[in-house]
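Novice: Shown below is the structure under consideration.
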């Protein structure tokens, strides 16, 4: 059954990663002005990352998200093959944006004197996973399994493309309420994936692994698995397991809801204190709890269409 589901879900991750050298996006300042191509709508959210507005592409009325990032807030920079210096977020998004539905797509970008503007796809109707859980409480395990599989596939896709997200959390996952598909968003804390140790971290602390809290060092893949464990706990219990550094370092997991023993086992495995004791992505997908995953459309029909959609974001 798992093999058939893998084959059915293959479209979510089978397409190749975007090739930076093959990209057809011209540098932002060589294109028509932003204002002539996009109509800017209401503010969707703001924070340390900048501000995100809803918008419409004038040419075809496509809904988009328009993200403004001030240059003086950008800590990590990258370079495109043509030598253009851009935020690392642009480099990472261009690597992961092609041929895969589980990661938000970068449609365009513009450089301004004091900022960069990123044009991103915007599904409708949509709600982030944080708001979804806040409104509806802990998820049924069948729904959590479908969501978790999709997030896992998105993270695997990123790693296959040489990208480490570094801020996997419920607020950075969008749910397309019509299609039952999830999308990983916000690569502002991301980095190029490497096998050596990382000594910097700009993600969300309560999702960070104990080795970062204790030693300010971590490896990308095992840290991602820890964050996935936090996320799965959040899905099935309705809240994260740890709030303080001491709790993260101690790593004792208590379940506040009735959760199956198989799901508990997977969560505890992902939250192993020793990074080398955590499962690989393949081991997670082969875990007994991960069998019989609903397809996204099945998820929408069974779990989402019967619910009144929350506010769009």
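Even glycines carry a Cβ here, placed using N, Cα and C.
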Novice: The ATP site in Swiss-Prot includes 44, 45, 46, 47, 48, 49, 50, 51, 52, 67, 121. Which of 60, 128 is also listed there?
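Specialist: Among the candidates, Swiss-Prot records only 128 at this ATP site.
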Novice: For residue 48 (ATP binding site), identify the closest of the recorded positions 98, 167, 261, judging by Cα separation.
Specialist: 167
Novice: Nearest to residue 46 (ATP binding site) by Cα, among 98, 167, 261 (recorded positions)?
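Specialist: That would be 167, nearest by Cα distance.
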Novice: If you measure residue 98 (phosphoserine) to residue 121 (ATP binding site) at Cα, how many Å is it?
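Specialist: Pair distance, Cα basis, whole Å: 12 Å.
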Novice: How many Å lie between the Cα of residue 121 (ATP binding site) and the Cα of residue 261 (phosphoserine)?
Specialist: 38
Novice: I'd like to know which of these recorded positions, 46, 98, is least surrounded, judged by other CB atoms within 10 A.
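Specialist: Each of the recorded positions 46, 98 was scored by Cβ atoms within 10 Å; lowest is 46.
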